[in-house]
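**Q** As annotated by TrEMBL, transmembrane segment applies to 46-70, 82-106, 118-139, 159-177, 216-245, 257-279, 291-311. Taken from TrEMBL, the feature domain 'G-protein coupled receptors family 1 profile' applies to 60-309.
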Amino acid sequence: MEDPSHVSFPVVAAPAPEKQWDNGTWLVTEFVLVGFSNLPELRPTLFTLFLLTYLVTLSGNATIITIIQVDRTLHTPMYRFLAVLSLSETCYTLVTIPNMLAHLLMESQAISIAGCRAQMFFFLGLGCSHCFLLTLMGYDRYVAICHPLRYSVIMRPTVCLCLGALVFCSGFSVALVETCMIFSSPFCGTGRVEHFFCDIAPVLKLSCADSAHKGLGIFFLSVLVVLFSFLLILLSYAFIVAAIVRIPSAAGRRKAFSTCAAHLTVVIVHFGCASIIYLRPDSGANPSQDRLVAVFYTVVTPLLNPVVYTLRNKEVRVALRKSLARGCGLCLL
């Protein structure tokens, strides 16, 4: 009888991507996300770290949305846009992080081409919408500081609703164009995506057709979205700074700038990460570096939004304390 202590379990190899033969070429019918398969000893640690960060991010964004909805003093365009940003960040993390956490528990993970297309579409759509939404929030601060007497007229609810709809329609329109460009031709080769989600550069590398012109078109479209949004934000802040400098009292200047500090912090981090990944002609040339930056903007940056707006925004802190005090009072009854 075989000694039970020496019984070995079969090692399951990473599944190879499914392929089909067509005109002398093996076409890929599904992808395999490589992810963190080259770091087997770190996967349990990464899983725990990313899961905790994800739960804190969800809790933080849910808290901001709830506080803004419950507290009437926060029913202003600035905080309505912040609630939309928190909701958008939550959806943004849902597109990539659950899949990444599942990947960390397995050797490899296959994803269908349709699933990859859907993931990329929503990831790019929400990412572009974030750029436009941060631009809209910058415009809101410009109107509030430079035209305070006309603020309630310019940023009335119907206008805010239309601008919000325009933000997401524009973002997902850009995503649709880019996704259609990438998936317009079949894929061949190894079928291994050197990433933990379906991002532009690693998927485009697997295209059977010459992807140089597609890559160039997507690069210029990304430049247009990121730089156009960022330049509009810079223009808004140029007018804001000019208006703040003219405020006679130091206390007034501090108060005016404090309403912009949190937004400016999120802008710098968001556009900084987007520029590193998408505004390089050789995007995707270093998969390990791209994965590291991608971890930052898919895991850390969404956490930054609730942390920054909770710690640096006085009105949100006051509303949070009031909500906690009411909750504690109900618990004591």
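Cβ coordinates come from backbone N, Cα and C, glycine included.
In TrEMBL, annotation is done automatically, which means it is predicted and not curated.
Give me the structural setting of these features: burial, nearby parts and distances.
**A** For the transmembrane segment (46-70), the residues of the chain that approach it from at least six positions outside its boundaries are 36, 39, 79-80, 82-83, 86-87, 89-90, 93, 97, 100-101, 104-105, 299-300, 302-303, 305-307, 309-310, 316, 319-320, 323, judged by C-beta separation under 8 angstroms.
Proximity of distant same-chain residues to the transmembrane segment (82-106), defined by a Cβ-Cβ separation under 8 Å and at least 6 residues beyond the stretch ends, is recorded for 33, 35-36, 43-44, 46-47, 50-51, 54, 57-58, 61-62, 64-65, 68-69, 119, 122-123, 126-127, 129-130, 133-134, 137, 164, 196-197, 298-299, 302, 305-306, 309.
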**Q** Going through 118-139, 216-245, 257-279 one by one, which has the most CB pairs that fall under 8 Å from the transmembrane segment (159-177)?
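**A** So the stretch in question is 118-139.
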**Q** When you scan the chain for residues with a C-beta under 8 Å from the transmembrane segment (118-139), skipping those not six or more beyond its ends, what do you find?
**A** 78, 81-82, 84-85, 88-89, 91-92, 95-96, 99, 111, 163-164, 166-168, 170-172, 174-176, 178-179, 182, 197-200, 203, 225-226, 229-230, 232-233, 236-237, 263, 266-267, 270-271, 274
